[in-house]
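So the structure is just underneath, and the comments pick up after that.
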Amino acid sequence: MEYIIEMINIRKEFPGIVANDNITLQVKPGEIHALLGENGAGKSTLMSVLFGLYQPEAGTIKVRGKEVKITNPNIANDLGIGMVHQHFKLVHNFTVTENIILGMERVKNGKLDIDSAAKRIEELSKRYKLTVNPHAKIEDISVGMQQRVEILKMLYRDAEILIFDEPTAVLTPQEIEELMHIMKNMAAEGKTIIIITHKLKEIKAVADRCTVIRKGKSIATVDVKETSEEKMAELMVGRQVSFKVDKKPANPGKEVLRIENLNVKDNRGIKAVKDVNLAVRSGEILGVAGVDGNGQTELIEAITGLRNIESGKIFINDIEISNLPVRKRSEAGLGHIPEDRHKHGLVLDFSLEDNMILETYYKEPFSSKGILNREKIRSYAEDLIKQFDVRSGQGATTLTRSMSGGNQQKAIIAREVDRSPEVLVVAQPTRGLDVGAIEYIHKRIVQERDKGKTILLFSLELDEVLNLSDRIAVMYEGEIVGIVNASETNENELGLMMAGGGRDSHE
Amino acid sequence: MNKKKIIIPLLAVLLGFITGAIVMILTGHNPIEAYSALLKGAGLFGDVKRFGDTLLNMTTLILTGLSVAFAFRTGLFNIGAAGQMLMGGFVAVLIGVKFNLPPFIHVTIATITAVLAGAAWGYIPGLLKAKFRIHEVVSTIMMNYIAMWSVYYLVPKYIPGSFSTESKAINTSASLRTEWLTNLFKGSYVNLGLFLALIAVLLIWWILEKTTFGYELKAVGFNLHASQYAGMKVNRNMILSMMISGALAGLAGATYYIGYANNIKIGVLPSQGYDGIAVALLGLNSPFGVALTALLFGFMNAGRLFMQSSTSVPNELVPIIIAIIIFFAATSLMLETWLKKSEKFFKKSEGGK
Ligand SMILES: Nc1ncnc2c1ncn2[C@@H]1O[C@H](COP(=O)(O)OP(=O)(O)O)[C@@H](O)[C@H]1O
Ligand SMILES: [Mg+2]
């Protein structure tokens with residue numbers, strides 16, 4: 001048996017879009033096979049077809065050499081196929097064990113047989129080095145742990161072919177490292193793994209072969225060892241991509257955003273931002289680096305008006321905005337690309353055009369005297385869609401929820417950048433996006449800088465901070481522990497400061 | 001709204017009537033006779049008085065349906081239409097009994113205060129949700145009982161009627177009935193509330209689809225955090241949504257208690273308040289859908305007694321059919337799957353030819 005999975009000439013359409021257009025994917029037993037493609041290329045769709053969630057319009061699927069019809073996930077389960085979705089499917093107030101056995105509970109003496117299940121889970125987690133506490137509740141464990149529960153769920157069902165849909169998007173760097181180990185372990189134990197990702201580094205680290213998909217078509221299947229990252233990026237995007245941000249030296253002007261002795265508490269009432277002082281000038285990008293959870297979120301929310309401050313002051317052009325409501329800040333020249341695009345950035349049940357006017361709907365020309373001007377809204381949205389290359393099934397009227405993450409993010413960027421606010425707070429602008437989209441978004445941010453705007457960038461990706469910023473502030477335990485010029489530092493120095501190590505040398 | 005969505009409620013109605021027919025056949029009745037009696041009883045074969053009663057039934061259901069649908073579209077689940085309607089009705093009757101004013105002015109004041117009372121009854125759960133994030137399902141149900149028992153206490157104390165279980169009748173100057181409508185419909189109690197209800201349909205549609213106010217309310221309903229991010233006044237909007245929803249139910253109270261009835265009974269919550277949930281559901285929470293559904297339920301309610309007397313089919317069959325329709329509408333996912341399967345089936349058999 002050369003291939004354990006063969007998907008041949010798969011076609012899957014959605015209204016207005018061909019998500020999979022004659023895609024062929026062949027996976028060898030025991031390998032780690034990467035599926036690489038831009039956002040919206042059709043990777044999740046293809047895997048949903050394999051897992052029985054969607055029925056293809058055309059094409060055949062063979063599992064272990066035999067042609068099969070996978071009309072629902074139960075059949076996939078029976079064939080030994082398991083899938084970890086991009087968004088986990090766990091019951092939050094159930095325990096780890098309860099979640100894993102859900103749907104195949106065994107009953108002993110009229111009672112759920114939790115104990116033997118828990119024992120089996122423990123065995124599995126030892127064997128594959130997937131440490132979890134079988135009795136912990138899902139809501140009490142970290143995202144990385146939750147992912148392990150999803151993996152155990154597959155193993156518990158004796159899955160041999162494991163599909164991971166962008167498993168690293170939600171993980172911290174350490175968790176990513178651990179996951180890579182786990183995957184290699186599983187492959188060594190004979191499992192076949194398909195991993196969707198657009199992070200080239202990860203593919204290099206774990207995958208044996210890689211199939212590239214672009215705009216619904218399969219482009220190539222390559223041997224990972226023999227293919228450079230640049231080559232894979234080019235296959236994926238269809239043109240050469242530069243990993244370096246192309247930018248001239250900054251030409252900073254006057255101080256525009258100023259933060260003085262700012263203190264902010266988090267949701268539990270614990271001080272999360274401690275005596276922060278920052279000043280950002282026009283025409284420069286100040287990056288804030290730091291390990292997740294060191295007060296960045298609270299700082300962003302305090303600046304943008306989503307969270308009350310304890311003490312301190314925030315100014316834009318000497319106008320104090322510390323206690324202004326969100327709308328007043330926006331009118332004072334503040335823009336915000338939020339870190340959580342689903343929570344803050346978009347109303348997912350609105351159409352794309354309605355999201356484009358989320359902060360400006362009450363102004364001319366989108367409305368006058370409280371009446372919306374639908375024509376103007378439509379043409380404005382269509383203009384932005386074209387300018388920023390936001391792809392979707394039905395243009396301006398597409399339900400935002402049905403769009404891919406990258407295009408949702410592009411829509412937010414389009415909205416915020418087009419308003420051209422004097423100060424732009426940018427948080428995790430490229431989280432979960434592919435290199436093509438990243439390149440584009442970086443270019444637009446630098447363009448804003450060159451127009452003389454003031455940009456405060458928050459990112460957990462060190463590469464991004466290093467590439468985009470002119471100066472870099474490092475945040476550790478709620479404090480700014482140092483500010484350095486981007487051209488005079490490197491990953492090592494920043495890494496040290498982010499871990500709290502740089503502090504002494506700076507004090 | 002896309003076409004597929006509209007098929008579901010239509011299919012639900014069809015299935016409801018088919019199931020009703022099956023029940024009748026099983027119990028030895030003739031469904032064709034029964035259904036034509038139902039239609040006849042509702043005045044759809046030209047009896048003007050009966051058709052007036054259909055419109056009368058529809059009037060109240062439009063308003064309670066709109067109340068629930070509007071709340072739903074703005075992210076709130078208003079179970080309290082019954083209480084809001086009752087309070088609106090009570091205030092209208094109170095004014096109708098206690099004052100003696102020129103006709104047009106009297107009924108206008110009574111109606112407006114009914115709307116305000118409904119809004120006030122909606123304000124409380126709205127405020128509780130905005131300030132303390134108390135879920136409106138719980139608080140509106142509670143408010144229903146508070147309304148019921150308040151009326152129980154207030155009616156005998158301030159406007160006692162000749163029976164201890166009901167209020168005094170209102171002065172005719174406060175009634176929504178008018179001579180020309182009554183004459184036009186040969187004595188039916190259909191009243192000016194009908195026009196108010198139709199205007200409300202247009203107004204609510206306009207607010208939701210055309211105004212920045214409606215845009216904001218929907219945004220807050222769909223995603224509170226994004227609305228906050230966009231600088232909207234989230235709490236204010238939540239309260240306003242509940243108040244508008246309550247106002248509509250209050251108006252329903254006016255059309256019922258100073259339109260159809262002319263007094264108020266104590267110890268009961270008006271069932272139209274709860275029916276509004278079904279109307280909104282089957283009407284897909286759209287104002288026009290609500291109006292059509294209210295017409296359907298209106299004629300079924302108007303015709304059922306005639307059906308019973310002329311065919312011996314018990315009139316309780318009508319609520320059963322309505323319940324079945326609602327059941328199918330509520331399980332729209334199941335219907336959708338059926339639709340998809342039958343589509344595939346037909347496509348295949350076509351391809352085979
Ligand atoms: N359920 C759906 N309904 C409509 N369009 C969809 C649906 N799922 C995906 N799409 C569209 O199909 C395309 C491929 O999506 P997807 O497979 O999620 O991409 P990827 O996982 O590669 O980012 C996108 O344009 C997306 O908007
Ligand atoms: Mg995807």
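Heads up, the Cβ atoms here are built off N, Cα and C, so glycines get one too.
Keep in mind that TrEMBL annotations are predicted by a computer and have not been checked by a curator.
Look at TrEMBL and you will find B:7-26 (among others) tagged as transmembrane segment.
Taken from TrEMBL, the feature transmembrane segment applies to B:54-72 (among others). Cβ atoms under 8 Å from those of the transmembrane segment (B:54-72) belong to residues 42-44, 78, 81-82, 84-85, 136, 185, 188-191, 193-194, 196-198, 200-201, 204, 208, 241-242, 244-246, 248-249, 251-252, 255-256, 259-260, 272-273, 275-277, 279-280, 283, 285-287, 289-291, 293-295, 297-299, 301-303 of the same chain, restricted to positions at least 6 beyond its ends.
Among the features that TrEMBL reports, transmembrane segment is placed at B:79-97 (among others). Beyond its flanks by at least six residues, the transmembrane segment (B:79-97) meets 63-64, 67-68, 106, 109-111, 113-118, 120-122, 125, 136-137, 139-141, 143-148, 150-151, 154-155, 158-159, 167-171, 174-175, 245-246, 248-254, 256-258, 262-264, 269-274, 276-277 of its own chain at Cβ-Cβ distances under 8 Å.
Taken from TrEMBL, the feature transmembrane segment applies to B:103-124 (among others). Beyond the ends of the transmembrane segment (B:103-124), by six or more residues, the same chain brings 78, 80, 83-85, 87-92, 95-96, 139, 143, 147, 170-176, 192, 196, 239, 242-254, 257-258 to within a C-beta distance below 8 angstroms of the stretch.
The transmembrane segment annotation in TrEMBL covers B:136-155 (among others).
Under the heading transmembrane segment, TrEMBL lists B:189-208 (among others).
Sequence annotations record features per position, and here TrEMBL assigns transmembrane segment to B:238-258 (among others).
Annotation comment: TrEMBL describes B:278-297 (among others) as transmembrane segment. Here the transmembrane segment (B:278-297) has Cβ contacts under 8 Å with residues 1, 5-6, 9, 12-13, 54, 57-59, 61-62, 64-66, 68-69, 72-73, 197-198, 201-202, 204-205, 208, 322, 325-326, 329-330 of the same chain, all six or more residues outside its ends.
Residues of the same chain lying 6 or more positions beyond the ends of the transmembrane segment (B:317-335) and with a Cβ under 8 Å from any Cβ of it are 8-9, 11-13, 15-17, 19-20, 23-24, 34, 38, 278, 281-282, 297, 300-301, 303-304, 307. Taken from TrEMBL, the feature transmembrane segment covers B:317-335 (among others).
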